[in-house]
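Student: Annotated active site, proton acceptor per TrEMBL: Asp67, in sequence order. Residues or ranges marked as Zn(2+) 1 binding site by TrEMBL: His63, His65, His140, Asp211. Among the features that TrEMBL reports, Zn(2+) 2 binding site is placed at Asp67, His68, Asp211, His269. Per TrEMBL, domain 'Metallo-beta-lactamase' is recorded for 204-270.
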Amino acid sequence: MQLTFLGTSAGVPTKRRNVTSMVLNLAGIRKAYWMFDCGEATQHRILDTPIKTPKIEKIFITHLHGDHIFGLPGLLCSRSMGGSTDPLTVYGPKGLKNYLETVLALSASYMTYPLEIIEIEAGQLFDDGDLIVSAYPLTHRVECFGYRIQQHDKPGPLDAQKLAAENIPRGPWMQALKQGKSVTLTDGRTIDGRDYLGAPQAGKILAIFGDTQPTGEAIHLAADADVMIHETTLETAMEEKANHNGHSSTRQAAELARDAGVKRFIATHISGRYGPEDIGRLLVECQAIFPATEIAEDFLTIDI
Ligand SMILES: [Zn+2]
Ligand SMILES: [Zn+2]
């Protein structure tokens, strides 16, 4: 999978950073994209990427602040004007349905595709057989969720040497063996695929936070994640102001990354007060606590 940041600024866009959005490319699982938040002008960012709007099958909204949702109606309409007929599901907090239905009705917009809007509560949202998505409550000035995306473990590879050593020929049963099922061979032997599989490969875990001050559920949302995406709206010296507004400082996000045992932390949702000359300083503040920190910029793409 690959995650691309389309907007990394907090509150208002700057020349270098648009407001929040990111897209998860499910490459390796299926040809589809999942979007997380959709700030104003997100679709302009998409134009500079290979992302195909009709291939966005799900959009997850963390909360209803404008810098996370004002791009959504435009994106939905463009997807329709492109003639897409592929279904789209949008998940988010209470009020999302009213917001979208009102703006689409007032603008006389219509959808060429089935649009489902699901107002969520904390807990597991679904398990599609490849990925499990769960929502965790955060602490912000409005209801806000973070999303944990957990890939199922993959069965280990078939042990070809062991199969050869026991004179088990190749045949149509290989597929079932790979899935760990029992099969009966043409010579009458029944063998259990689980005896011929290597160690399972752990599925990836991605933790995507919405805006939040430090909060109790965060450690569970981020636990052992391969990648944690978390806001660092303000620097450590402005922590009080950050928390007062429902945000986190560089120090607080880095401490969470450390305490949750994540492998990699990408900081985003950077206040517009910081220019390129400030980013090194913010990074040092994080890395002093959690060395595997990076600060996102627009169009940054990472492998997960
Ligand atoms: Zn925000
Ligand atoms: Zn917010």
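All positions are counted from 1 along the displayed chain.
Yeah, the Cβs are placed from backbone N, Cα and C, and that goes for glycine too.
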Student: Which recorded positions from the set His63, Asp67, His140 come near ligand 1, judged by a Cβ under 6 Å from any of its atoms?
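Tutor: If the test is a Cβ under 6 Å from any atom of ligand 1, the answer is Asp67.
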Student: Counting by DSSP, what is the helix, strand and coil composition of the domain 'Metallo-beta-lactamase' (204-270)?
Tutor: 25 helix, 17 strand, 25 coil
Student: Would you find the one among the binding-site residues His68, His140 whose Cβ has the most company, meaning other Cβ atoms within 10 Å?
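Tutor: The most densely surrounded of these binding-site residues is His68.
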Student: Average the pLDDT scores across the domain 'Metallo-beta-lactamase' (204-270) and report the rounded value.
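Tutor: Residues in the domain 'Metallo-beta-lactamase' (204-270) carry a mean pLDDT of 98 in this prediction.
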Student: Near the residue listed as 'active site, proton acceptor', which residues of its chain come within a Cβ-Cβ distance under 8 Å, counting only those 6 or more away in sequence?
Tutor: Ser9, Ala10, Gly11, Val12, Val19, Thr20, Gly39, Glu40
Student: Can you name every residue in this chain, apart from His63, His65, His140, Asp211, with its Cβ inside 8 Å of the center of the Cβ atoms of the recorded Zn(2+) 1 site?
Tutor: Thr62, Leu64, His68, Leu138, Arg141, Val142, Cys144, Gly210, Thr212, Gly246
Student: Can you name the residues of this chain that are 6 or more positions from Asp211 (Zn(2+) 1 binding site) yet have a C-beta less than 8 Å from its C-beta?
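Tutor: Once residues fewer than 6 apart are set aside, Asp211 (Zn(2+) 1 binding site) is near Ala10, Thr62, His63, His65, His68, Leu138, His140, Cys144, Glu231, Thr233, Gly246, His247, His269.
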Student: Could you say which of the binding-site residues His63, His65, His269 has its Cβ with the most other Cβ atoms inside 10 Å?
Tutor: His269
Student: Using the Cβ centroid of Asp67, His68, Asp211, His269 as the reference point for the Zn(2+) 2 site, which residues of the same chain not in that list have Cβ within 8 Å?
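Tutor: Going along the sequence, the neighbours come out as Ala10, Gly11, Val19, Thr20, Asp37, Gly39, Thr62, His63, His65, Gly210, Glu231.
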